[in-house]
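**Q** Dropping the structure in here first, questions after.
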Amino acid sequence: MRFCVFGFLSLFLIVSPASAWFFPNSTAVPPSLRNTTRVFWDAFSNFTGCHHGQNVDGLYRIKKYFQRFGYIPETFSGNFTDDFDDILKAAVELYQTNFNLNVTGELDALTIQHIVIPRCGNPDVVNGTSLMHGGRRKTFEVNFSRTHLHAVKRYTLFPGEPRWPRNRRDLTYAFDPKNPLTEEVKSVFSRAFGRWSDVTALNFTLSESFSTSDITIGFYTGDHGDGEPFDGVLGTLAHAFSPPSGKFHLDADENWVVSGDLDSFLSVTAAVDLESVAVHEIGHLLGLGHSSVEESIMYPTITTGKRKVDLTNDDVEGIQYLYGANPNFNGTTSPPSTTKHQRDTGGFSAAWRIDGSSRSTIVSLLLSTVGLVLWFLP
């Protein structure tokens, strides 16, 4: 028996072993995924208006959020209560300062709206010192009875200013072999590395050896063994460790868009631009911390439906402080050249997943959308 497929294909799903969803552009994201919620984080909206002195059911969850990103030290690892206490008030004030919000110490609407935005999993505060303010030698000290609010907007570095040693300016990177990525996906990372090498004295080369590469990249779900578990769709998107660790992990549960077509992307609330996240996390791999400059690549959050890949002066100054300037850098950043093959997605939109498991609902949606007509011929 011959099996023939005839139909007008508008969408096509490719399923392969490993773990992540990729879409070539935002129009390939099915309607059912365009308004996916952030699950646990969206519930934080219930705390809008909470302030010091109140006891609100479930408020301990937002304390855990702040602890995850460093605003509450690990020393407060006991059972959190639902009291809006001094510890939470100090955390809220520091968060508001870091993100240039009105410092009220309350969970006002703007603060909650910002908290639920998808973000990098790296902390903003380490050992009581904010990484988002103060530049390379000025720190932003946190006292949990009083928050010092003086700060200077500037790029920041990890504590101790770790960086790749001078004899390692040609770095290799490799993908976890458990993630059989397509060339289109790999090219996204190549472009992201190129944005940093364009401005500084570093070179990046793709390697086939995951075990010996300087930088290792993988897509994982949930608890994947590094103490920084992922949380499903949206929420924390990725994290990377400071030099010379080289570990770069992305959440495989996200809906990753490989080619950012900004106009149509704006209406997609559950898809994330892969290159935008990759450029940010590479900054961490090279030694940059989070910046309070909202336009910078190293700003911790990125809204869905947004593409943000161009380095700002803040990013360039930070990376050149660590490694010096690329002698060919002319003072401006521009997108890497793109081949025609990378620009064109053909006459149809494709989505592919690297995972042995599959989202049956997505498969059925795709099949119903494409208008397939199946003919079985003897």
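Each Cβ is built from the backbone N, Cα and C atoms, and glycine gets one as well.
Sharing the features that Swiss-Prot gives for it:
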ACT_SITE  Glu281  active site
BINDING   Cys120, His280, His284, His290  Zn(2+) binding site
CARBOHYD  Asn25  N-linked glycosylation site
CARBOHYD  Asn35  N-linked glycosylation site
CARBOHYD  Asn46  N-linked glycosylation site
CARBOHYD  Asn79  N-linked glycosylation site
CARBOHYD  Asn102  N-linked glycosylation site
CARBOHYD  Asn127  N-linked glycosylation site
CARBOHYD  Asn143  N-linked glycosylation site
CARBOHYD  Asn203  N-linked glycosylation site
CARBOHYD  Asn330  N-linked glycosylation site
LIPID     Ser349  GPI-anchor amidated serine
MOTIF     118-125  motif 'Cysteine switch'
SIGNAL    1-20  signal peptide
**Q** Near the motif 'Cysteine switch' (118-125), which residues from the same chain, at least 6 beyond its ends, have a CB less than 8 A from one of its CBs?
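**A** Result: 38, 68-71, 94-95, 98, 131-132, 142, 228, 230, 234-240, 272, 277, 280-281, 284, 289-290, 300-304.
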**Q** Among the binding-site residues His280, His284, His290, which residue has the fewest other Cβ atoms within 10 Å of its own Cβ?
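**A** It is His284 that, of the binding-site residues His280, His284, His290, has the fewest other Cβ atoms within 10 Å.
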**Q** Over all shown protein chains, what is the count of other CB atoms within 10 A of the CB belonging to Cys120 (Zn(2+) binding site)?
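**A** Result for Cys120 (Zn(2+) binding site): 23 neighbouring Cβ atoms inside 10 Å.
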**Q** Take the Cβ of Asn102 (N-linked glycosylation site) and count every other Cβ within 10 Å, whichever protein chain it belongs to.
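**A** Asn102 (N-linked glycosylation site) is surrounded by 10 other Cβ atoms within 10 Å.
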**Q** Out of Asn25, Asn46, Asn79, Asn203, Asn330, which of the glycosylation sites is least crowded by other Cβ atoms within 10 Å?
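**A** Relative to the other glycosylation sites in Asn25, Asn46, Asn79, Asn203, Asn330, Asn79 has the fewest Cβ atoms within 10 Å.
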**Q** What kind of secondary structure is Asn46 (N-linked glycosylation site) part of, going by DSSP in three states?
**A** helix
**Q** Roughly how many Å lie between the Cα atoms of Asn330 (N-linked glycosylation site) and Asn79 (N-linked glycosylation site), rounded to a whole value?
**A** 54
**Q** For the recorded Zn(2+) site formed by Cys120, His280, His284, His290, name the remaining residues of the chain with Cβ within 8 Å of the site's Cβ center, in chain order.
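**A** Surrounding the site, in chain order, are Asn122, His239, Ala240, Glu281, Gly283, Leu288, Gly289, Met298, Pro300.
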**Q** Let me make sure I understand the structure: which of the recorded positions listed (Asn127, Glu281) has the fewest other Cβ atoms within 10 A of its Cβ?
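**A** Among the recorded positions Asn127, Glu281, the sparsest Cβ neighbourhood within 10 Å belongs to Asn127.
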**Q** Please give the average pLDDT for the motif 'Cysteine switch' (118-125) in this predicted model.
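**A** Here the predicted model's pLDDT, averaged over the motif 'Cysteine switch' (118-125), is 94.
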**Q** Write down the Cα-Cα distance for Asn46 (N-linked glycosylation site) and His284 (Zn(2+) binding site), rounded and given in Å.
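**A** Distance between the two Cα atoms comes out at 33 Å.
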**Q** Tell me whether Asn203 (N-linked glycosylation site) sits in a helix, a strand or coil according to DSSP.
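**A** Note: Asn203 (N-linked glycosylation site) is in a strand by DSSP.
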**Q** Name the secondary structure element type, per DSSP in three states, that contains Asn79 (N-linked glycosylation site).
**A** coil
